[in-house]
Amino acid sequence: MTGGQSCSSNMIVWIPDEKEVFVKGELMSTDINKNKFTGQEEQIGIVHPLDSTEVSNLVQVRISDVFPVNPSTFDKVENMSELTHLNEPSVLYNLEKRYDCDLIYTYSGLFLVAINPYHNLNLYSEDHINLYHNKHNRLSKSRLDENSHEKLPPHIFAIAEEAYENLLSEGKDQSILVTGESGAGKTENTKKILQYLASITSGSPSNIAPVSGSSIVESFEMKILQSNPILESFGNAQTVRNNNSSRFGKFIKIEFNEHGMINGAHIEWYLLEKSRIVHQNSKERNYHIFYQLLSGLDDSELKNLRLKSRNVKDYKILSNSNQDIIPGINDVENFKELLSALNIIGFSKDQIRWIFQVVAIILLIGNIEFVSDRAEQASFKNDVSAICSNLGVDEKDFQTAILRPRSKAGKEWVSQSKNSQQAKFILNALSRNLYERLFGYIVDMINKNLDHGSATLNYIGLLDIAGFEIFENNSFEQLCINYTNEKLQQFFNNHMFVLEQSEYLKENIQWDYIDYGKDLQLTIDLIESKGPPTGVLPLLDEEAVLPKSTDESFYSKLISTWDQNSSKFKRSRLKNGFILKHYAGDVEYTVEGWLSKNKDPLNDNLLSLLSSSQNDIISKLFQPEGEKSSSAGVEANISNQEVKKSARTSTFKTTSSRHREQQITLLNQLASTHPHFVRCIIPNNVKKVKTFNRRLILDQLRCNGVLEGIRLAREGYPNRIAFQEFFQRYRILYPENSTTTTFSSKLKASTKQNCEFLLTSLQLDTKVYKIGNTKLFFKAGVLADLEKQKDVKLNNIMIKLTATIRGYTVRKEITYHLQKLKKTRVIGNTFRLYNRLVKEDPWFNLFIRIKPLLTSSNDMTRTKKFNEQINKLKNDLQEMESKKKFLEEKNQKTVNELENTQDLLNQEKENLRKNESLLNRVKTSSETLQKQFDDLVSEKDEISREKLEVAQNLEEAHQKIQGLQETIREREATLEKLHSKNNELIKQISDLNCDISKEQSSQSLIKESKLKLENEIKRLKDVINSKEEEIKSFNDKLSSSEEDLDIKLVTLEKNCNIAMSRLQSLVTENSDLRSKNENFKKEKAALNNQLKNKESELLKMKEKIDNHKKELATFSKQRDDAVSEHGKITAELKETRIQLTEYKSNYQKIKEEYSNFQRETKEQEQKKRNSLVESLNDSKIKELEARLSQEISLNQYLNKRISGNSVETNISSTRRSTSYSDDPLDKEDIIKKYYDLQLAFTEITRNLENEIEEKKNLISRLRFTETRLASSSFEDQKIKAQMKKLKKLIQDMDPSIPLDSILNEPLDNCPDKESDINKLMLEVDYLKRQLDIETRAHYDAENAISALHSKFRKIQGESSLSSSDIYKLKFEASEERVKSLEDKLKTMPLRDRTNLPVGDIIKNRDSISKYEEEIRYYKLENYKLQEILNESNGKLSQLTLDLRQSKSKEALLSEQLDRLQKDLESTERQKELLSSTIKQQKQQFENCMDDLQGNELRLREHIHALKQAEEDVKNMASIIEKLKTQNKQKEKLIWEREMERNDSDMQLQETLLELKRVQDVKKILSDDLAHLKERLSAVEDRSQYTDEINRLKEELNCSLKAETNLKKEFATLKYKLETSTNDSEAKISDLLKQLDHYTKVVEMLNNEKDAISLAEKELYQKYEALNTECESLKGKIVSLTKIKQELESDLNQKTDALQISNAALSSSTQKNKEITEKIKYLEETLQLQMEQNSRNGELVKTLQASCNGYKDKFDDEKQKNIDLYEENQTLQKLNTDLQLQLKNLHERLSDTTEKNAWLSKIHELENMVSLETDLKYEEMKKNKSLERAVEELQTKNSQQTDVIELANKNRSEFEEATLKYEAQISDLEKYISQQELEMKKSIRDNSSYRDKVQEMAQEIEFWKSRYESTMIGSKNIDSNNAQSKIFS
């Protein structure tokens, strides 16, 4: 992310700072300086930091390091992708602000960034879980819906909820990737996700009642949660950064069933830190399990494990670790939690003992010490018996395996002696391997116990893995972690790329897509590529295999392969170090110890010893790979499966290769899921609350890929805002110079159009923003600029507003003081006058005294009357109160009755609850039975397996016995042989003795032989003794084996007996269950029959819904038509108003121009008359001729292209068809080609869609420009016509040149001028005629194209070979070959189209759209030519006016002109007739060709003959073209000669030439037709095709009729438009009149206002006099107000009673609904009562009818309730009216005397009494209606009780039917929504087609107007000629 993003001067920016990382400053200016190191020029910003008070403190910063600050409206934004300036300091600032407010979660596009708060926050309670889980009920996924106003704040629960919702809605696997540094909170967040998923699937205890089935689910979820303490004990350790740091990565799969409930879990683990077992940092600890084991076990248990003490210092692998007390870690409590978790998950006591035994072994191995007797051989210093007993191996074997391991060298075994260092290395490797294998075993056992066994539908995977690591010393482990993070970042980039692409496609926005995943591929290849060149890890694997390899040799190889070969690799300054460029930054690695870490071997001798251990756990852990079935995690992570190749089949695998395999499987799993990303961040290394280390967090943001994601977002349009929000926020920025009325007139109903108006007024570059379908997309920084503009504008508005307010307050004060002064003057004058009259006038004194006495008698009578009336009113009030009491009593009765009904309802509810409990019991019993059945089946299977195993063991034992017996026999045979040999030897001895006695002479020889024989005897005796010992041992073994066999046989017999008894019980139970099953099946069949009946009723409902849909569609169409017509009329009104103003201004300009022009013409008339005539004539005629030739050539070119394209495509298609038909392919080749074509087709369709979109945009732009050009040319023509009229009028009025001078001119110059004029006029007429012909040709071409369209559609309907896919491919091919075809078509001659196949016709159908566009382009050129012609006409009219002044012989010229005009008209008519005949012949010819094309499929056998016909037609076409060119040349020659000859000769020659041309054309066409007929007669009889030709002609006539009807419709529409414009103008005039009238009324009202103000002044004086009287009346008013308050309280009580009754009604309705819902749970009880199945159908119908009746009645009750509410509102209104009347009374009291006030008050009281009586009467009515309602409810209740009793008997069918109906209704709703979408699409298409039709109509009207203007021009010329005659 680079800086300098549109930074301008005086702008607040971020600049880098050493302490604070980034600081705010004000950019004062920019400058350019040279860099000292590079010598290049750099732009530098001069910034004033805001934190410094000194003004002179300025800092120079490179502009690339300057970043703009976001407006304050974007502070603490929840999604950082919404920041309009996306840069590092803005992201840091936003996170810091949120972190200070304990907002630890923030979205960053697809990421959720989570910062560790280091203290407990109330964010994970049950309320929060309910809030996020119930979110989708209120709104549809707040995070996805960006425009929702009820967005919930970012949270880890929101990610979990989104994953869960996607799992249910999409049915796709989900994954949540949680990464970050150690201590950032990865494990805690994964725990929270697990907690959330477990709670929403099982339900919290507060919300869900414990049912028998739910407890199992809760225990299963508890198992998943309890796996965390086990993994933390064995996989977590205390580090410098984190007290509970996970030292391994894990991928937890939480499996769900089809109902969305947790069905199982599976854990896979990665990269366990084995080196920690042997060596730790002094400030860190080993794994928790070692400390928990020593502190948690009893002394006896420790002794059993051969552990002598609890002290950590007594164990060498723990003595160097941190031994301080760690806050938050209690080893004893954690060990208890571990034991409970192991028990909950399902570990047996033996398994737990084995696990602890392995941990103890590792502790004991660490304490082994060595004594080196020699340098080469080591020996143990301490006793090893405890280790060997725990391992279950012989002590001597263990010593030899460690100190003198045996290895195979060739065919011999060789022992190698090890020194103390080497032996220690072997022991360390053993402890590492033991712990790793133990960890794998524990994970396997957890997975085994968490496997539910049933089928799982989908899963949510939680990946908790270490984030990117950059330390001071980075080794092999950091490379593996960073490599995985690099791959994960690439995965994220690809995922983000796909989402961006889909978003832009959905919003219909053009964007050049970039694959961001390729950015990281170089680094990944550098690490993993197998070459060439070979990556880092494969090189390490090669070195690991080679003998005598070292870290230095690996380093030298690495440098030689990668140094200066990759931009991502650098050589380090450190020894044996190198630098890799990752996405997060450069990392320096050292290769020390990499080979040993990659291998980590155990010798074969030790492995074989451990695999044959007597300890079960050790033998299992070191079992060969072929014999053990382990999970993926253990298979991937157990390190030493490569040993003892002779004994096992596995090969040597290094750590890096296993890690790569792990990574591939992980990424494949993630790729098949929908991923969600969580990035955890550690705020500081001190573990303090609310300390925000900016530099540390910035490094983590880089490492976590957050800034990388923001960088990718900047490439597109990161800021997205809804239309309505944008319009409301930035509407104020509309420019002030354009009035608000014009802007409001532009505003429309759709906010999208309003936003478009606003954006155009803001003059933003279109590259900066894009308009989507639902929202606006902005580049980074655009919204910030708009916010600044908005702030500036609001500031200006506020300044103006404050100024106006202040002015208003000052003016108000001044006027108030002036009024005071005036009032005081008036009062002073009145008092002076009063005093003067009292003093001076005695009559006035007499009047003052007598006046009060006169009115006293009248007052007495009035007071009596008033008293009587008051008494009457009091009596009336008492009667009203009595009635009121009576009504209240009735009300209480009704309330009591309602309470009784409620009690009845409660009783019914209790009954329902009992039934529900029964149902639940039945359900639970059925579930338990089913489970027992399943258990029995499983037990049966197990027994059968055990039986088979026992049988196998017996057979093996028999075989062994037989083998032993055979060996015994063999040994006995050998004994017998030895006995026989012994006997023989004895015989030999006896013989020898005889020989000795006989032969004493040979004693020496005999002695020697004797000695030899004695030796042999001894030897034989030894052999005999050994053999006897062997026989004894064999006999002992035989006896022991026989005893063992006997014991085993006894136990087997017992087991067999038990199994047989179990089997018998199972068989009986099985038979019972089968019988029950059959009963259930019978009941099911009955239910299915009833379901069929309900389905028939559903079909009827569907038909009704379809009818409703049709009605809706018609209404929507009518509404859309009305809206569109209204919009058009309003738009046209606006345009007409604008045009009126423009015409007025143009008229004034024309007047001024004309006055100037008149002055100039008077001065330069005589000078330039002759020269202008000659020069202009020549130049204009040449220009017009050139343009005419261009127009003709263009028309020819179009015709050639249309014919040529069709011929070419036909030939290609015929060749293809013949090739396909002639060469049959094998099946295999066809299949291969089919697949290849499929692949090609997919690629072509993608390209096609992109090109179609581009083409649509281009077409829309072209149409817009066309309409603008047409409108501008039309306006220009109107202005020119007005100019001509004005000029004619002025010239007629001002005859400046005298007639005498013109008559007296010499006659010599007249003939030349006459000839010139004649030439000019003839040339102009000829050019006009040619233009008419060309325009008609254009119209003919368009008509031909439309006819082709219609025919192609019909042929398409008839032909079965074509398809939409072929059309798309052919359309694309024709699009790509347009350019080449254009070049070819210019050179190619016209070809006959008689032999075109149908396939090519279909192709032409698609290519016609392209030609339509080209025709539009040529139309535009025609428009331009027409404008030029109009200009020439204007200039010619000027010339004719000039020539009028020099009319010496006008009579002769006018006669000649008239004659010529007549001749020309006659020739034009003839030409028109000829052209019409030619057109008809052309149409006939084209019809014939189309007929032949339609019959091409039947004529495939005669292709060769048709090719010959094509060649003939080509020749004929070339001849026709030549003849046409010759005719054109002849026409030109004739036209030149016509000017020289007489008028009669000209006429004759023209007619003859035209006749000859027509005859030639007719002959050519007749020859062509004859030739074609001959060809066709040779092929097939033409009689077959005559009918088809007639049919096609009829279709053509129909299309022509349709065109005429359309024209008529266009004319009517135009007439309606004109009438509407006239009406609107009339209305406008009426409105203006009304305006004048209202202005007059306002003036009158102002005058009246002045008079009222004077009257008010007089009244004010009276008011002061009457204040005293008012005070006396206040007491009486207070009493009346009290009465009124009492009445109001009565009213309120009655309204409360009404509300209570309404509430009771609503509660009753709700209870009824609940009753209907709870009836669904009565399945099992109803199944027991299936005897009454015969009455089910009738009862269901009656229930439906009654339910419908109840619904209607409830609706009536609701309506009555609404009426009551409305009446209540009327009462409230009356109350307000009474209050107003009171106010009026106060005012009247101030105005009149006391007596008048009393009278008015009495009248008002009478009115009030009458109103009260009316109200009371109405309340009586209401009470009666309520009583009726209560009675009806009682009756309903009784009916409902009856109905419920019936429903309790048989309701199961109805329930199932309703469920199915609901499902079908939901399907129907989906179908309706799809239909609505299709309707919307069709409406859009309809509107687009209407727009097209309107455009065509506009074009037609334009051409009509052009034609009319030309006709008017010709008529004007005629009139001018006539005037010239008159003047002559």
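Backbone N, Cα and C atoms are what each Cβ position is placed from, and that goes for glycine too.
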Listed range which Swiss-Prot flags as region 'Disordered', given the options 165-193, 629-657, 1441-1469: 629-657
Candidate with sparsest Cβ neighbourhood (10 Å radius) among Gly180, Gly185, the listed binding-site residues: Gly185
PLDDT averaged over every residue in the domain 'Myosin N-terminal SH3-like' (8-71): 82
Where Lys186 (ATP binding site) falls in three-state DSSP terms: helix
Helix, strand and coil residues within the region 'Actin-binding' (460-529) as assigned by DSSP: 44 helix, 8 strand, 18 coil
Intrachain residues whose Cβ lies under 8 Å of the domain 'IQ' (794-823), provided they are six or more past its termini: 732, 1657, 1660
Neighbourhood of Thr187 (ATP binding site) by C-beta distance under 8 A, where only residues 6 or more apart in the same chain count: Asn228, Glu232, Asn236, Asn244, Ser246, Asp464
CB within-chain contacts under 8 A for Ala184 (ATP binding site), separation at least 6: Ala114, Asn116, Gly467, Cys680, Ile681, Ile682, Gln700
Coarse DSSP state, helix versus strand versus coil, of Gly180 (ATP binding site): strand
Neighbour tally for Ser182 (ATP binding site), based on other Cβ positions within 10 Å of its Cβ: 20
The domain 'Myosin N-terminal SH3-like' (8-71) - residue tally per DSSP class, helix then strand then coil: 3 helix, 36 strand, 25 coil
Greatest C-beta neighbour count within 10 angstroms, which of the binding-site residues Glu181, Gly183, Lys186: Lys186
Remaining residues near the recorded ATP site, that is with C-beta within 8 Å of the centroid of the site residues Gly180, Glu181, Ser182, Gly183, Ala184, Gly185, Lys186, Thr187: Asn116, Asn242, Ser245, Ser246, Gly467, Cys680, Ile682
Secondary structure tally of the domain 'IQ' (794-823) (DSSP, helix then strand then coil): 30 helix, 0 strand, 0 coil
